[in-house]
Amino acid sequence: MGLVVALFFLWGGITSLNDILIPKLKELFQLSYAQAMLTQFAFFTAYAIISLPAGALVARLGYGRGIVLGLGTMATGCLLFIPAAASATFGMFLAALFVLAGGVTVLQVAANPLIANLGSPQSAHSRLTFAQAINSLGTTAAPLIGAHVILGSIAGTDPATLSGEALRLFQAREAAVIGHSYLALAIVLAVIAMIFWLWRNRLGKGAGATPISAGFGLLRQRRLGLGVAAIFLYVGAEVTIGSLLVNYLMQSSTLGLDQQSAGEHIAFYWGGAMLGRFVGGSVLRILAPGKALAARPSGHCSWYRCPP
């Protein structure tokens, strides 16, 4: 179970690196906020496109091989950052992010049901919550490292003051920092993929192949459809806040931080999510999931009604 939980840490860290990558690319290519947010659009579009085919693949390959496929695709996406950095082209970075996110999607499709099956069905929700807390640990740790490695190099240089050959050299140097960072990630992913390949037959088979159209059919169930809508809205808010946090904290009207310091502060945001999930994992051991979900909005309403 420890190896599978480690995967949650891994993709959490890689996903939160987007929050560090966005201000880097925004500064590097002089992008507007709308253009910079294409980074997350490219990343999470892969979830929408790949998730259902990934489910069919994992059902056919089994959990172990599905995890290896996801890790391999993620490593390929990381390697694509090298030609993206060499060309210093924003579109190439978006393509690399899409491939990386496709691998993350396959990995999640395989790892989430696997962690639920590694124990009694009654405690599956608690194991999933704990694994998501470890995921948040990854999202908390990665910005601290990424801010130092990726954002630290750009400190003291304003590309708006550069032009011609000086601007091209600056873009090439800073893009190379991104390429080297993701090359290191590709090596780590390849090593972990080899470990899971050796353990592939111990992780069980998939749940059995079902038509991709069956996934859309499930949305006809009212409770499931509403749950999907709730997750859609929640993830949208969570990702948007993290994506804009570095630039927000850099504004003189807020904290006026430099890029590296602002990037390090993202750890507080994701750290709060981590603490909440650890608490949630404990609460779900003694309280039914439905009651826990009902209690949260009730508590929020009570807090807002409290007089100052």
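Residue numbering: from 1, along the chain as shown.
The backbone N, Cα and C atoms fix where each Cβ goes, glycine too.
As recorded in TrEMBL, the features of this protein are as follows:
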TRANSMEM  40-59  transmembrane segment
TRANSMEM  66-86  transmembrane segment
TRANSMEM  92-115  transmembrane segment
TRANSMEM  136-155  transmembrane segment
TRANSMEM  175-199  transmembrane segment
TRANSMEM  224-246  transmembrane segment
TRANSMEM  266-288  transmembrane segment
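Of the candidate ranges 40-59, 66-86, 92-115, 136-155, 175-199, 136-155 has the most C-beta pairs within less than 8 angstroms of the transmembrane segment (266-288).
A Cβ distance under 8 Å defines the sequence-distant neighbours of the transmembrane segment (224-246), meaning residues of its chain 6+ beyond its ends; these are 16, 18-20, 22-23, 33, 37, 39-40, 44, 151, 218, 259, 262-263, 265-266, 269-270, 273. Tallying C-beta pairs under 8 angstroms between the transmembrane segment (66-86) and each of 92-115, 136-155, 175-199 places 92-115 first.
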